């Protein structure tokens, strides 16, 4: 019978860095509220949560890399909102942010949770920031907690 390794959802004693974009702040602030809510509900102490506000989504990977390199955190949660406009800017930013965040996780060996919305409309972003479609910031924080614990169980 195989041995299964699963992470639990206990954030007690863990430290978290959160990188959040100021651009589209009316969305990103809801994502941040959701992430902090999830961490605290699962046992994290608010004093073990550090939030770095950055200008936009494109800057998320560098800020996440800097947080990961500081070795102060068990996981980093990335939050932002890229909403499609009438130019190709959406494709460039959303692609680079997702690749950059994945790269930081692989290079650092630290769980980096992706809570960056990439939506076609503002309405879709609002739905994913705490209304009809849940709160993706909350979900990213839960992912971070579980991933930290499963990685610890593997070692």
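Our numbering is plain: 1 for the first residue shown, then up by one each step along the chain.
A Cβ is built for glycine as well, from the same backbone N, Cα and C atoms used for every other residue.
Annotated features, as they stand in Swiss-Prot:
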BINDING   23, 57, 58, 59, 81, 82, 83, 114  5-amino-6-(D-ribitylamino)uracil binding site
BINDING   86, 87, 128  (2S)-2-hydroxy-3-oxobutyl phosphate binding site
ACT_SITE  89  active site, proton donor
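Here the features listed in Swiss-Prot are placed on the structure.
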residue	record	Cβ contacts under 8 Å, 6 or more apart
23	5-amino-6-(D-ribitylamino)uracil binding site	55, 56, 57, 80, 81
58	5-amino-6-(D-ribitylamino)uracil binding site	93, 96, 97
59	5-amino-6-(D-ribitylamino)uracil binding site	21
83	5-amino-6-(D-ribitylamino)uracil binding site	24, 27, 90, 117, 119, 120, 121, 122, 124, 125
86	(2S)-2-hydroxy-3-oxobutyl phosphate binding site	none
87	(2S)-2-hydroxy-3-oxobutyl phosphate binding site	none
89	active site, proton donor	none
114	5-amino-6-(D-ribitylamino)uracil binding site	78, 98, 101, 102, 140
128	(2S)-2-hydroxy-3-oxobutyl phosphate binding site	117, 119, 134, 135, 136
* Tell me whether residue 57 (5-amino-6-(D-ribitylamino)uracil binding site) sits in a helix, a strand or coil according to DSSP. => helix
* Asked: What's the longest C-alpha separation between any two of 23, 57, 58, 59, 81, 82, 83, 114, the listed 5-amino-6-(D-ribitylamino)uracil-binding residues, in angstrom?
  -> 17
* Asked: If you measure every Cα to Cα distance among 86, 87, 128, the residues said to bind (2S)-2-hydroxy-3-oxobutyl phosphate, what is the biggest one in Å?
  -> 23
* Specify the count of other C-beta atoms within 10 Å of the C-beta of residue 81 (5-amino-6-(D-ribitylamino)uracil binding site). => 28
